[in-house]
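Enquirer: Let me begin by handing over the structure; questions about it come next.
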C-alpha cells in the first residue's frame, strides 16, 4: 500500500475477474456510452508535465540534451519480511522534493529547472515556489549553471521561460506581493511557442542563456 500526497491509498486485488463471453463483450461495447476525449493542455490531451517529458524524450533521442525529471523522494514507513530474502514495503509516503523538477546536461552546461502551472490569467502565485527551491537555484547560478522556471498559464494557453535570476530577485524583493504579475514575466522572460514535435522547444531559449554566460 502506498499513501499518496492527497491522503488516499491504493490497493490491488489479486483475484482474477470472471471472463466475459464474446457475445457479452459485443453487447457491452455497443451499449457503452462514448467517453469524451481528455483535454488538459493546449487542447491536445496532455498535461504540462507530460508535454515537458515528451520534449525531453525527443531531445534525448536526437542526441541534443540529456535532461530527466527527478524522482519524487519516498519515505518508507513500514516493511514486512514474508521471507528472509525478500522485503515488502507495506506503507510509504511521498516526501516534498528538496530541489527542482528537472536537471541534466546541454552542450556542456548543467541545466536545472522547475516547471509550474496555474489557472490564473494575470499573475503567477508565489506559493508555488518554496524557499529551499529558490536557494537551490541560487546555488546553481553561483556555479555558472543554467537555471530557470517554465511557467504555464493553462487558461491562456501560454508558456514562458523565466530565468531564475529574475525569479530570485522578485522573490526576495516582492514588497508584500504574493504573486508574480504576468507583465513582469512577459518583460523578463521568453514566450515559448508550442510545436507538435518537440512539444515545448525550450532549448531554443536555453541557447540564448548559454551565450550570455
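Cβ coordinates are placed from backbone N, Cα and C, and glycine is handled just like the others.
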Enquirer: From the candidates 114, 117, give the one listed by Swiss-Prot for the same Mg(2+) site as 99, 101, 133.
Expert: 114
Enquirer: Counting every protein chain present, what is the number of Cβ atoms, excluding its own, within 10 Å of the Cβ of residue 133 (Mg(2+) binding site)?
Expert: 20
Enquirer: Which residues does residue 99 (Mg(2+) binding site) neighbour through Cβ under 8 Å, counting only same-chain ones at least six apart?
Expert: 70, 112, 132, 133, 136
Enquirer: Since the record lists 101, 114, 116 as recorded positions, which of them has the fewest other Cβ atoms within 10 Å of its Cβ?
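Expert: The recorded positions 101, 114, 116 were compared, and 116 has the fewest Cβ atoms within 10 Å.
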Enquirer: Check the DSSP secondary structure of residue 114 (Mg(2+) binding site), expressed as helix, strand or coil.
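Expert: DSSP call for residue 114 (Mg(2+) binding site): strand.
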